[in-house]
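As written in TrEMBL, here are the features:
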DOMAIN    43-295  domain 'G-protein coupled receptors family 1 profile'
TRANSMEM  28-50  transmembrane segment
TRANSMEM  62-89  transmembrane segment
TRANSMEM  101-122  transmembrane segment
TRANSMEM  142-165  transmembrane segment
TRANSMEM  200-219  transmembrane segment
TRANSMEM  240-262  transmembrane segment
TRANSMEM  274-295  transmembrane segment
Amino acid sequence: MSISNITVFMPSVLTLIGIPGLETVQCWIGIPLCVMYLIAIIGNSMLLIIIRSECSLHEPMYIFVGMLGVTDIALATTIMPKMLGIFWFRVPDIYFDSCLLQMWLIHTFQGIESGILLAMAVDRYVAICYPLRHAAIVTHRLVTQIGAVVTLRAAFLVAPCLILIKFRFQFYHTTIISHCYCEHMAIVKLAAENIRVNKIYGLFVAFTVAGFDLTFITLSYAQIFSTVFRLPQKEARLKAFNTCIAHMCVFLQFYLLAFFSFFTHRFGAHVPPYIHILFSSLYLLVPPFFNPLVYGAKTKQIRIHVVKLFSS
């Protein structure tokens with residue numbers, strides 16, 4: 001039997017089934033996810049408004065926080081409307097090209113977020129290890145250039161994933177994606193052709209971005225701790241350490257969720273599919289939800305302006 005008789009040729013529409021095994025309770029699962037999404041949008045929007053309106057917050061550290069807020073809003077908005085459409089309104093179909101676009105946006109925003117976390121770690125390294133030279137080294141122009149490089153790096157590294165799917169595959173085993181959003185490997189596994197190149201390139205992108213960023217983030221914080229613990233006064237050590245607490249919390253939750261999602265998806269053969277899907281969804285939603293809460297609570301300057309905003 002020919003391949004065209006047992007597969008689908010160049011499908012125009014794909015179907016996202018949501019969370020396999022939990023279809024009957026998806027409408028209830030959508031409620032906490034929607035609450036998290038609304039808190040993420042409101043919290044990050046408030047951060048952006050405060051940073052934009054307060055001249056005292058026009059410093060590199062807070063500009064990076066603002067960049068992270070924009071990325072979080074974009075990432076959450078890329079997945080939540082369609083996800084809630086599946087859970088609440090039974091609208092599982094998505095155009096093939098729209099699915100590829102969603103995949104590209106999701107992984108691009110993930111790469112941008114990782115790059116911003118690296119930039120924040122390096123900024124804290126310069127501020128603590130070379131405090132007198134920080135203003136001269138980390139200028140607004142450099143911050144703008146870092147933002148552009150981080151965005152272009154993510155966009156160009158992820159783009160071949162889209163191209164390899166679009167132009168390499170013509171035949172697919174099925175048009176049903178066992179996921180609630182268009183994830184790279186979830187789409188690749190639909191193909192009825194050799195997917196080795198796509199898998200290798202996907203791993204290359206993951207380890208290039210995460211490996212590079214995680215290595216230099218770890219080195220930056222190692223140097224920071226080394227410098228902080230050598231300070232003679234306890235008050236100075238606490239003050240320097242407090243400037244890093246929020247960044248460390250955000251960094252840890254982002255990468256712990258990322259690695260758990262990555263390894264369970266690729267190597268967790270005995271883990272139920274709904275566990276994979278739930279954790280991969282939380283991996284995309286928890287950082288946008290968590291980041292404004294952390295920076296609002298742990299960063300004194302932002303906390304002061306948040307209180308002032310509510311009191312007024």
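Just so you know, glycine gets a Cβ as well, placed from its N, Cα and C.
What you see is a predicted model, and the numbers here were worked out from it, not measured in a lab.
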Query = Hey, would you say the transmembrane segment (200-219) packs against the transmembrane segment (101-122), going by three or more CB pairs under 8 A that are 6+ residues apart?
reply = yes
Ask   = Hey, which bits of the same chain come close to the transmembrane segment (274-295), Cβ under 8 Å, at least six residues off its ends?
value = 18-22, 33, 36-37, 39-40, 43-44, 46-47, 65, 68-69, 72-73, 75-76, 79-80, 83, 106, 110, 113, 178-181, 183, 246, 249-250, 253-254, 257-258, 260-261, 264-265, 268, 302
Query = So what's the mean pLDDT when you look at the domain 'G-protein coupled receptors family 1 profile' (43-295)?
reply = 91
Query = Which residues of the same chain, at least 6 past either end of the transmembrane segment (240-262), have a Cβ under 8 Å from a Cβ in it?
reply = 61, 68, 110, 113-114, 117, 120-121, 124, 127-128, 206, 210, 214, 217, 221, 224, 227-228, 231, 276, 279-280, 282-283, 286-287, 290-291, 294-295, 298-299
Long-range Cβ neighbours of the transmembrane segment (62-89) (under 8 Å; 6 or more residues past either end) = 16-18, 26-27, 29-30, 33-34, 37, 40-41, 44-45, 47-48, 51-52, 102, 105-106, 109-110, 112-113, 116-117, 119-120, 123, 140, 143, 147, 180-181, 250, 281, 284-285, 287-289, 291-292, 295, 299, 301-302
